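**Q** My questions all concern the structure below.
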Amino acid sequence: MLVELLEFTPLSFIDDVINITNQLLYKGVNGVDKAFSQTRFAKKAPQEIEEGLHKFEVLFESVVDRYYDGFEVYTLRNIFSYPPELKGYMRTFGKDVDYSITTEQDAAMDQAIQEAAEKLVVKMQLRRDLRMRLSRKREKKTEIEKHLERISFLNKVPENWQVTLPETTDFLLDQLGNLQHAVKRVVEASPTVHSREVDERITYLEKGYERLSNPIDQQKDFWSHHLSKLESTANTETANNIHKLLLSSEKDVGHTDEP
């Protein structure tokens, strides 16, 4: 009965206690041996020290055995035992418990278990979704922090240049609409051209400008204006007009170079 209740035998418990005590005893003997070996008498009388330690160990073992024999007897008689007169009065566990259940109660219990399982599945799915959202939010937060770190220098611009940020922002917002309408009108008014054709035209005009800028310095601003206009509008009509002007200018330069 005791073994079934305690899940170990009483003798094994007593043996464990005695073994722990013997281990402490041997540690104490080793400590005494180490202390004597560090004294000045260790080299003069090593044999006497060894004999004294042996007698000390035997004495301790005999004392432990004598007292723990009494401990074993007392434990088995008074702790791990019960009086014989109590045998007829021990109540069996669960003897008066009613485990009967009706069909309605069984069905209600099954229904409750099913509902709890469905709720658990929903909660677990919600938990997975929330974890995924949290992971994405953390990634976005990290990315935003990197971008903020890159543009952190903008916070010092108003202080260094004494710019009134609210008024400047309002002005930029007002001009943004006008700029969008202007770009839209330019795109609608300009015919679509290939970028390669425009690049070739620009290269040709730049070479013509280099040839004409040296002998005719007063035309420098004129051709610079037309080149910047061509690069900004990319209009074939403007390119053709400038091309005609260059041809006429080349003819004029040819006439002036003749003697």
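For all residues, glycine too, the Cβ spot is worked out from N, Cα and C.
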**Q** Which of the listed residues, Ser100, Ser213, Ser224, has Swiss-Prot annotated as phosphoserine?
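**A** Going through Ser100, Ser213, Ser224 one by one, Swiss-Prot annotates Ser213 as phosphoserine.
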**Q** Under Swiss-Prot, the annotation coiled coil belongs to which of these stretches: 123-156, 225-258?
**A** 123-156
**Q** Among Thr103, Thr192, which is annotated phosphothreonine in Swiss-Prot?
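**A** Looking at Swiss-Prot, the phosphothreonine feature maps to Thr192.
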**Q** I'm checking region-level scores; what's the whole-number mean pLDDT for the coiled coil (123-156)?
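**A** PLDDT averaged over the stretch: 89.
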